[in-house]
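**Q** Take a look at this one; I'll ask things after.
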Amino acid sequence: MPEGPEIRRAADNLEAAIKGKPLTDVWFAFPQLKSYQSRLIGQHVTHVETRGKALLTHFSNDLTLYSHNQLYGVWRVVETGEEPQTTRVLRVKLQTADKTILLYSASDIEMLTPEQLTTHPFLQRVGPDVLDPKLTPEVAKERLLSPRFRNRQFAGLLLDQAFLAGLGNYLRVEILWQVGLTGNHKAKDLNAAQLDALAHALLDIPRLSYATRGQVDENKYHGALFRFKVFHRDGEPCERCGGIIEKTTLSSRPFYWCPGCQH
């Protein structure tokens, strides 16, 4: 499943294609959404927001399309009039004069009013988004030490969208490697330096992934280009200590770590 950085990049692509342009055609596969098609013609997308792995497409008439790709959903941007060759099932089409965005295969799709946005079950449940620039390491530390989360092992906590939205398995693995901790630790057992390091890594690693993953110009990022240090690298030497990276299972997901420098 894509994690927060991948969802945010998808949102950026959708915004770049149709933001601010009048919609010339709108189509929804689900019967309960059909009545919104005519209401959106002539409106435009004001912005595309991410809440962890959910995507909110906001329209100029104050309606918001909620979608969660889960395992199989995918957005595509095409030239208007182009029909991609795919076996996927089309769920949503938002068309402008020159670009069209298409959502395939997703099943979790709703249209929300401003009032419904504030009461939607998933949106109520998720924590702050790690890519939200307003989220600070201080707030991340407060959440780590809160009664709700301080006794949770990191193996499960860093996959829980109620803690911080947008984290997933590769980010969990890379964050814990960055701070030299294993997944069985709890926030209540860390010292001040460890807490500070973890609070920063919880935000820095996802933001670096969003900004630079897939880029090839290392000079632009002064060597800070995001790349996996342990994820999918079992059997290889750890670049920090030379130990051999191992793979196990934690919270029902593959977990990669270095026993030489993660304790």
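Backbone N, Cα and C atoms are what each Cβ position is placed from, and that goes for glycine too.
Annotation comment: Swiss-Prot describes P2 as active site, schiff-base intermediate with DNA. According to Swiss-Prot, the active site, proton donor annotation covers E3, K53, R253, on the basis of sequence analysis. For Q70, R125, N169, the entry in Swiss-Prot reads DNA binding site, with the evidence type sequence analysis. What Swiss-Prot records for 229-263 is zinc finger, and it gives sequence analysis as the kind of evidence.
In terms of burial and nearby residues, how do these features look in this structure?
**A** Around P2 (active site, schiff-base intermediate with DNA), taking its Cβ as the centre, 17 other Cβ atoms fall within 10 Å, counting all chains.
Cβ neighbour count for E3 (active site, proton donor) (all protein chains, 10 Å cutoff from its Cβ): 20. Annotation note: E3 (active site, proton donor) sits in a coil segment as assigned by DSSP.
Annotation note: K53 (active site, proton donor) sits in a coil segment as assigned by DSSP.
Mapped onto three states, the DSSP output places R125 (DNA binding site) in helix. Non-local contacts of R125 (DNA binding site) by the CB criterion (under 8 A, 6+ apart in sequence, same chain) comprise Q161, A162.
Within the chain carrying the zinc finger (229-263), a Cβ under 8 angstroms from the stretch's Cβ atoms is held by residues 155-156, 159, 169-170, 172-174, 176-178, 180-183, all 6 or more beyond its ends.
Residues within less than 8 Å, Cβ to Cβ, of R253 (active site, proton donor) and separated from it by at least 6 positions along the same chain comprise L159, N169, R172. Secondary structure at R253 (active site, proton donor), taken from DSSP and collapsed to helix, strand or coil, is strand.
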**Q** Please report the Cα separation of K53 (active site, proton donor) and E3 (active site, proton donor) in Å, rounded to an integer.
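**A** Each residue's Cα considered, K53 (active site, proton donor) and E3 (active site, proton donor) end up 6 Å apart.
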**Q** Please report the Cα separation of P2 (active site, schiff-base intermediate with DNA) and Q70 (DNA binding site) in Å, rounded to an integer.
**A** 8
**Q** If you measure E3 (active site, proton donor) to Q70 (DNA binding site) at Cα, how many Å is it?
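**A** Cα of E3 (active site, proton donor) to Cα of Q70 (DNA binding site) measures 10 Å after rounding.
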